[in-house]
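Peer 1: Sequence annotations record features per position, and here TrEMBL assigns domain 'Cytochrome oxidase subunit I profile' to A:32-536. The transmembrane segment feature in TrEMBL is assigned to A:43-67, A:87-116, A:128-148, A:168-191, A:211-235, A:255-279, A:291-312, A:324-342, A:363-386, A:398-420, A:432-453, A:473-501.
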Amino acid sequence: MSTITPETQIDSGHNDDPSSNYLTSSSGFMSWAFTLDHKRIGVMYLVGIFGSFFLGGVLALLLRLHLLVPNGLFGDWVSLDRYNQLFTLHGAVMTFLFIIPSIPAALGNFVLPLMVGAKDVAFPRMNLASFHLWVFGAIFFLIALVTTGLDTGWTFYTPYSIETQTNVIAATIGAFILGFSSIFTGLNFIVTVNTMRPPGMTWFKMPLFMWAIYATAIIQILATPILGITLLLLMGERILGIGIFDPSMGGDPVLFQHFFWFYSHPAVYIMILPAMGIMSELMSVYSRKPIFGYTFIAYSSIAIALLGFLVWGHHMFVSGQSPMAAVIFSGLTFSVSIPSAIKVFNWTATMYKGNINLATPMCYALSFIFLFTIGGLTGLFLGALATDIHLHDTYFVVAHFHYVMMGGTVIAFVGGLYHWWPKIFGVMYNEFFGRLFCAVVFFGFNLTFLPQFVMGSRGMPRRYATYVDEYQIYHVLSTIGALTLGIGMVGAIAVLVISLFNGRKAPANPWGAATLEWTCTSPPPYYNFAHAPHVGSPYDYSDLKYDARIGGYVKDPNASKTTPPDQH
Amino acid sequence: MYSILADTMFFPPERSSVAGTVDGLFDFIYYLSLFFFVLVVGFMIYFVLKYYQRPGHTETPSPSHNEALEITWSIIPSILVGVIFFFGFTEYLNMREAPENSYEIQVIANKWNWLFRYPNGAESSDLHIPVDRDVKFLLQSQDVLHSFYIPAFRIKMDCVPGRYTWTWARATDTTGSGIDDSSHDPFHLFCAEYCGQKHSQMRALVYVHETADFELWVEKAANILENNTPEEAGEILFKRKGCAQCHSLDGDNSAKYAGPPLNGQWGTDRQVLPRGSSSPITVKMDENYVRQSIRQPNAEIVVGRKPGMTVFTPQLLKDEEITAIIAYLKTLK
């Protein structure tokens, strides 16, 4: 029996007062900056990630405002150069600093060990190192931002990235370091899930969020090294002039695209798979129904992770690659759409005959289904070769990936944050304002990106600082939408932050969820669990009853249905 | 029957032989997507309305999986995406291979303009093609990646430095009549691959002529040096070769223009940094200076400017064309 007992975890540096929790067990800057506690690391990631999200969001609003008029709203202040830096840094910050680490490193770090009923991740020091690396990587990005900027696009395509005068080196060093951070996180989760599951939690009794994080971790450790090597080669190319990618020295610029997308396409699944995991939790908990088709959802996560490695060439349908390669990549691309479709059907079916609690996290989950379905279906236009030729590198693509990445991942992330907020900080937020800002986000999001599908299909190329007049109406709509979306996002975060000061104290299990993290107090004690948690089905709600006195759910000892006794 | 809606909301008008097929596939995917979107979101809304939490309502036990249902909803979408894939790639193969005996135009992309070179030696910065004829575009880039994109034709292909790529189109409609540009309503041609500062201004216009008009146009365009005074020819070449993208002619010395202004400069002294040197030297703007600045633009950089101008090889700009440009520069006050 390998359960963790409090007696094995004596650490004189920490407060053993039963009323203390991981937030109050020790204090001071050093107790946070060098903590080995996965919960504190998760919270620090959360802060860093929201800083990045804010920065990326401000850049997005600036560039949307710039595009309000065909020749640029800010005139000379946002010159062509500055616009090119705005969209590049928006993309790079959002991708590398925010969306890749958002769910795995922040929520995953906090939730995963609790879901497993463990004291911490397998390698707490590596976990801390991962966060410190993230900080270093972010610093290099900031160096690029405040020195000469970066104007290559977040994809660093050669040969432009070799010859531009902007600070490509600082940005690639930043991305290189962030790659290690990502690998460390992935490695930690794989070992944690493999070795630290408690007795009774078989693979097919794991919460689906763990499946999703596990599948993500596989991609993180297999794909990220490719990015690292690619960026090293790019640095070598810039500094030493090796001649791998630079055609003037006999190199091949398309080779860079192969290397880059061999990482960056799977990275898209690093971004979306954890969001799908959150969705599986939310749909089940707030419908009070076991997740529909558990096995299909679990396998589809693994299928997406593996198939995701085979489709990178669809970013290069017009790069001059051979028609045969294009046809093969197109076919493989469609294969990866099926597991995603299955998940959407399963989530929807989970609501059938349920008791749907329209709390804020569920509102985000419903938004997700709406937006992610649009994101997924518009991928079909891009996977089909004949239509992709026209739509490639237009705003249609911009809209598509924002529907997937923002409408999907960010919406799920915020939904998950609302869901786990009472657990993380031990306070309840204001439901009315939570739902209100969810609606504002939903409306603003659609107003921002629906017009982009239309203008993209009408031929508006992406990454344009100025444009021909006929596209202006769509840009105006999109910019108004972006401002609305910005207000909604700030509001949604404000609701959470304000709850820290005036929120009602959260019960252990406010939503009636059946996964293990809800069996410890909110916020969790330093050592997570006072007693080894009892492993049951993660989606069986039959023995949880609402208790109005504490405002949350408790185990009903008189529940007719009992889970089988432990085998250990 | 839905094509009216599709034509007005999505896509510019169809102006090439492949555009109809591409738009047809787009419409097929569009209505299929709409069906599945309405299905999923419809069920979602229905479930929310029917099963939302309210006093007295509780969940009802129901199976948490159903193999038959799940296999069905895996297989049907698989078949449908198979169909989409099939139509997508058959039409793509047609779009990739230019028909035999196509009229071939060389497309030379550089930062940040297009140069079109016709079989008789004519060159232009806007694209002129005959209607109802297969035209093959042989694409090349002088510097970084660019992408040749004509929305009205639904064609796009990257221009990759160091290799040739190609695409083709057959225009189905003229943009006007006569060889005078002003009597035409041309299509847009965009650069679709990010290529640096003026990426968004790397645009050109596409003129589609009647066959006879095109013959006239291309004949006239082939002989600029003969048909014009050196100054006039220089002005045409200055614009055609993209010089105006980076050099202002009204004294604007701001960062909007990558290069220094060129009006009123003839015969004046300027401070330049020889390559690899950190101390500026003074040179006079004369014939030799201009010629060197075109052939080896990075040899001496005007103080305060960055290297980055395209190297104009004799293949891109002939000696007699430089002579004409010099004649034009002398006229700029």
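Just so you know, the numbers here start at 1 and follow the chain as drawn.
From the backbone N, Cα and C atoms, a Cβ is placed for every residue, glycine too.
Unlike curated entries, TrEMBL annotations are predicted automatically.
Burial and contacts for the listed features, if you can.
Peer 2: Packing against the transmembrane segment (A:43-67) from elsewhere in the chain are residues 32, 73-74, 78, 83, 86-87, 89-90, 93-94, 97-98, 101-102, 105-107, 109-110, 131, 134-135, 138, 417, 424, 448, 465, 467, 475, 478-479, 482-483, 486, 489, 493: each is 6 or more residues past its ends and has a CB under 8 Å from a CB in it.
Beyond the transmembrane segment (A:87-116), the same-chain residues lying 6 or more positions past its ends with a Cβ under 8 Å from any Cβ of the stretch are 38-39, 41-43, 45-46, 48-49, 52-53, 55-56, 59-60, 63, 127, 130-131, 134, 137-138, 141, 144-145, 149-154, 171, 174-175, 178, 181-182, 185-186, 189, 192-193, 196-198, 201, 206-207, 209-210, 213, 216-217, 220, 267, 270-271, 274-275, 277-278, 405, 409-410, 412-413, 416-417, 420, 423-424, 463, 515-517, 520, 524, 528.
Remote same-chain residues near the transmembrane segment (A:128-148) are listed as 34-36, 41, 44-45, 48, 52, 89, 92-93, 96-97, 101, 105, 165-168, 170-171, 173-178, 180-182, 184-185, 188 (criterion: CB distance under 8 Å, separation of at least six residues from the stretch ends).
If one looks beyond the transmembrane segment (A:168-191) by at least 6 residues along the same chain, the residues whose Cβ comes under 8 Å of a Cβ in the stretch are 92, 96-97, 100-101, 104-105, 108-109, 112, 121-123, 126-127, 129-131, 133-134, 136-141, 143-144, 147, 150, 152, 156, 161, 213-214, 216-221, 224-225, 227-228, 231-232, 234-235, 238-239, 270.
If one looks beyond the transmembrane segment (A:291-312) by at least 6 residues along the same chain, the residues whose Cβ comes under 8 Å of a Cβ in the stretch are 203-204, 206, 208, 211-212, 214-216, 218-219, 222-223, 258, 261-262, 264-266, 268-269, 273, 276-277, 280, 283-284, 329, 332-333, 335-336, 339-340, 342-343, 345-347, 349-350, 352, 539.
Through the fold, the transmembrane segment (A:324-342) approaches residues 276, 293, 296-297, 299-301, 303-304, 307-308, 310-314, 316-317, 376, 379-380, 383-385, 388 of its own chain, all at least 6 residues removed from its boundaries and within a Cβ separation under 8 Å.
The list of residues near the transmembrane segment (A:363-386) in space but at least 6 beyond its ends in sequence, with Cβ under 8 angstroms from a Cβ of it, reads 275, 279, 282-283, 286, 314, 317, 326-327, 330, 333-334, 337, 340-341, 344, 347-348, 392, 396-397, 399-404, 407-408, 411-412, 414-415, 418, 434-435, 438-439, 441-442, 445-446, 453.
Sequence-remote contacts of a segment are chain residues at least 6 beyond its ends whose Cβ falls under 8 Å from one of its Cβ atoms, and for the transmembrane segment (A:432-453) they are 64, 358-360, 363-364, 367, 370-371, 378, 395-396, 398-400, 402-403, 406-407, 411, 414, 418, 473-475, 477-478, 480-489, 491-492, 494-495.
Same-chain residues lying 6 or more positions outside the transmembrane segment (A:473-501) and placing a CB less than 8 Å from one of its CB atoms are 50, 57, 60-61, 64-65, 67-68, 395, 414, 417-418, 421, 425, 427-430, 433-434, 436-449, 451-452, 454-455, 460, 467.
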Peer 1: Check the domain 'Cytochrome oxidase subunit I profile' (A:32-536) for me and report the mean pLDDT.
Peer 2: 94
